[in-house]
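Worksheet: the structure to be examined is printed underneath.
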Amino acid sequence: MKAKLLVLLCALSATDADTICIGYHANNSTDTVDTVLEKNVTVTHSVNLLEDSHNGKLCRLKGIAPLQLGKCSIAGWILGNPECESLVSKKSWSYIAETPNSENGTCYPGYFADYEELREQLSSVSSFERFEIFPKERSWPKHNVTRGVTASCSHKGKSSFYRNLLWLTEKNGSYPNLSKSYVNNKEKEVLVLWGVHHPSNIEDQKTIYRKENAYVSVVSSNYNRRFTPEIAERPKVRGQAGRINYYWTLLEPGDTIIFEANGNLIAPWHAFALNRGFGSGIITSNASMDECDTKCQTPQGAINSSLPFQNIHPVTIGECPKYVRSTKLRMVTGLRNIPSIQSRGLFGAIAGFIEGGWTGMIDGWYGYHHQNEQGSGYAADQKSTQNAINGITNKVNSVIEKMNTQFTAVGKEFDELEKRMENLNKKVDDGFLDIWTYNAELLVLLENERTLDFHDSNVKNLYEKVKSQLKNNAKEIGNGCFEFYHKCNNECMESVKNGTYDYPKYSEESKLNREKIDGVKLESMGVYQILAIYSTVASSLVLLVSLGAISFWMCSNGSLQCRICI
């Protein structure tokens, strides 16, 4: 009986078996990502795909300074407003920066035809050659070219006029019919500008042009218009009741433009041979110029980023991330960050069967923890970790490469008569923007889900790799761990980790220990049965003795009468 009780105690006492566990890395990261199924999943590592910062400045784009118009508008610059004289020497630029409320535009009031289209054309120009299309001194010998000035275009307190146009007036009491032509021999597009004067009364018409009825004709291969001055009283603007309407055309190489008029012509003086540049553009911004370089400029400021998306501004110039309306686009590269809970012991129970990661394992994503007579320790599985890193890095780079279509996105211009078209364009742009934002967010959600599943799969594969080696030389204890049926020193542990575990070498020892443990279990069951029988018999005897004693007492005091019949 004593021997059986000893076996029972041995079976119930704890044994320090050698163990090896499969686990994953955890750290103190607070990065969170979203997936298709979950929000704010804490992960060990992630990368941000959304740029949301800028420097608030206008910078050189790829080393080339922008054309900063300052207080001048595109119209004031290209016509040559005297207050924009400092811009005359500018020949090349990376982009054009205009302030929202430019003071110096058309100094003499009037309508600028197709102004928004001209802005669109100039937005793709990175340099031009400014030249005299009709030299002032010799092109108009029968007309006055110096008296055509106005107080509305004053410069330094004196009446003046545009630097790229000439106001032709009568000379010696007459204004002869004129005909002037120019052949484009520049081998590139030439921008030609002119104007038509509309006096406020017939007296001004006669004084300036010496005739009541006049016309202006402009003809090229692609342009053909005849203008008749409209003489009428108008409200004064900048002190002028008259108006000048401004026109322009692009002259193709080899083409000819012909001007004919008998009055009211604001003639071209300088024209522009244009050089197109796909990286150029026009932005409207209050940002100041700074000594800085960038690859991407927005009206808000410069962006120096290689990320595929930005939420700073939809208008961009240069090699820029794509604009989306998102506030967060973060792609997971690591694992779920779930450090083990200390109160549950070292080995918790990712991958559906391991509760927490190991902060102690810092040299890899997946690995092992072992415990034997020589001690315990962590070791990363470098092969699976490196394969995962390579796969995820390639995936992130691929996503960035596919989505990082860097481009210039300039705003579109519409005049006041095109409001319906402008509103429609905004709706179309908003629709595309919504689609891009949805695509970007969905892409990140799907890839995050796949990455976390990928990590789970890798941990499971590592677990199965160990399980297939150990077979019945160890038992699963349900928390990502195996308990050996044999002694496993550090050399043995290393063989399990590197996949060279010698199963036959340890199978005999494991078999004996398994049988011993199974035998202890059977003996334990026998002991339990004997104890149960003894306990039942003893309980019955105690019950019978108690009943006999009670009966004897009751008979002796007359409370119970006993009759024995034979």
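Backbone N, Cα and C define each Cβ position, glycine as well.
If you check Swiss-Prot, you get these features:
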type	residues	note
SIGNAL	1-17	signal peptide
TOPO_DOM	18-529	topological domain 'Extracellular'
DISULFID	CYS59-CYS292	disulfide bond
DISULFID	CYS72-CYS84	disulfide bond
DISULFID	CYS107-CYS153	disulfide bond
DISULFID	CYS296-CYS320	disulfide bond
DISULFID	CYS488-CYS492	disulfide bond
TRANSMEM	530-550	transmembrane segment
TOPO_DOM	551-566	topological domain 'Cytoplasmic'
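Taking the features listed in Swiss-Prot, we show where each one sits on the structure.
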residue: CYS59; record: disulfide bond; Cβ within 10 Å: 24
residue: CYS72; record: disulfide bond; Cβ within 10 Å: 23
residue: CYS84; record: disulfide bond; Cβ within 10 Å: 24
residue: CYS107; record: disulfide bond; Cβ within 10 Å: 25
residue: CYS153; record: disulfide bond; Cβ within 10 Å: 23
residue: CYS292; record: disulfide bond; Cβ within 10 Å: 13
residue: CYS296; record: disulfide bond; Cβ within 10 Å: 23
residue: CYS320; record: disulfide bond; Cβ within 10 Å: 25
residue: CYS488; record: disulfide bond; Cβ within 10 Å: 27
residue: CYS492; record: disulfide bond; Cβ within 10 Å: 19
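Here the C-alpha separation of CYS488 (disulfide bond) and CYS107 (disulfide bond) works out to 93 Å. When Cα-Cα distances from CYS153 (disulfide bond) are compared across the disulfide-bonded residues CYS59, CYS292, CYS320, CYS492, the shortest belongs to CYS59. In the predicted structure, the topological domain 'Extracellular' (18-529) carries a mean pLDDT of 87. Taking Cα separation as the measure, CYS292 (disulfide bond) is nearest to CYS320 of the disulfide-bonded residues CYS84, CYS107, CYS320, CYS492. A gap of 11 Å separates the Cα atoms of CYS72 (disulfide bond) and CYS107 (disulfide bond). In the three-state DSSP reading, CYS292 (disulfide bond) counts as strand. The closest partner of CYS320 (disulfide bond) among the disulfide-bonded residues, by CA position, is CYS59; the full candidate set was CYS59, CYS84, CYS107, CYS492.
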